[in-house]
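Worksheet for the structure shown next.
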């Protein structure tokens, strides 16, 4: 009901309760009034909701070029330019193919190009796939190939990968069928000739065979509530032919396979002799051929479903320092934001950043290991800081990283005295 003060003959806003003297305008309706302030507030709320609802559609409808896709990857992933170019072109062609199939019904069928990423731990393989999925606003699922087994053995069925994607799409099947799946550690399911357990291959070549169909494109039957299949259960049908599969692995020792092939071809008089130490692993991986991956242990049928192959280089100390500071969600920026909640400025010296990068190289953990090193460095600081009053800046130096010594704290009192 509209409030009206009979004695003063004043009208009140039906929403906020302010009278006509407290606002600029009071608009009358059928037995109700609304003030100009509430109208402005309603406009802001509607505008914000429209932006949120339209943003995903605009992102998915916009025709992004490979260059624009790479520009987005550049803001989150340091270096690895060739891998980012390969991914950008592959993703661009993949979704262009899906759009073309909707608009055209001619006889030309363009097959999808799944991707194989080869590189050491912590070089950015998983992050590249995650960033693509987030930016393109498509569902994303991450799977570990080492947990997969053939049907009939204890372990994860390969179709559970599709189930994870459907769950991440909130069971929107149409949306899930345009998603991205990243399968990590595919090098661990390789079948090598010298494998002592070749007679019982539970999670090696058998898993490669099981992955063939869903990667190439098939109709997978997914239990709606997860878990193992039951005969009485109603299955959800998911078409995988439009799902982009990105596989990744470290492939430790692959460079030796490549080197052996190159050495055999370069034997004889006049051949250039180069020691193994002089040969860079990254340079060897650039000379990768499908036959090398087959000798490593991937079966030809599985490799044939991954036509786009690219390698990522190992990150050196300079690259790791950039990863700490430059990306949009850089680790240092995350901790600085945490310290801002305490009204404290967090500063790392160049020596401290270099020490963290050097430790990550020593551990051979790449960018993934930087968070663990940062946590170790910051544990005592973050434990003591909330109990310490009037701190305005925390300066972390090299000794804090290497010897876990206390950081330099600057207090508000020192600022006032100065």
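Any Cβ shown, glycine's included, is placed from N, Cα and C.
Taken straight from Swiss-Prot:
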type    : residues                               : note
DOMAIN  : 1-54                                   : domain 'ClpX-type ZB'
BINDING : 13, 16, 35, 38                         : Zn(2+) binding site
BINDING : 120, 121, 122, 123, 124, 125, 126, 127 : ATP binding site
* Give the sequence-ordered set of same-chain residues, not counting 13, 16, 35, 38, with Cβ within 8 Å of the centre of the Cβ atoms defining the Zn(2+) site. => 14, 15, 17, 18, 23, 26, 33, 34, 36, 37, 39
* Between the binding-site residues 13, 16, 35, which lies closest to residue 126 (ATP binding site), Cα to Cα? -> 16
* Asked: Taking only the binding-site residues 120, 122, 123, 125, 127, which one has a CA atom nearest to the CA atom of residue 38 (Zn(2+) binding site)?
  -> 127
* **Candidate with sparsest Cβ neighbourhood (10 Å radius) among 120, 122, 124, the listed binding-site residues** => 120
* To do: Find the average pLDDT over the domain 'ClpX-type ZB' (1-54) in the predicted model and report it.
  => 74
* Structure fact -> Across 13, 16, 38, 123, listed as binding-site residues, the smallest other-CB tally within 10 A is for 16
* **Per-residue Cβ crowding (10 Å cut-off), top of binding-site residues 35, 127** => 35
* Non-site residues, in chain order, whose CB comes within 8 A of the mean position of the CB atoms of 120, 121, 122, 123, 124, 125, 126, 127 at ATP -> 119, 248, 312, 366, 367, 368
* Taking only the binding-site residues 13, 16, 35, which one has a CA atom nearest to the CA atom of residue 122 (ATP binding site)? -> 16
* Asked: 10 Å Cβ neighbour count around residue 121 (ATP binding site)?
  -> 16
* To do: Give the helix, strand or coil assignment DSSP yields for residue 38 (Zn(2+) binding site).
  => helix
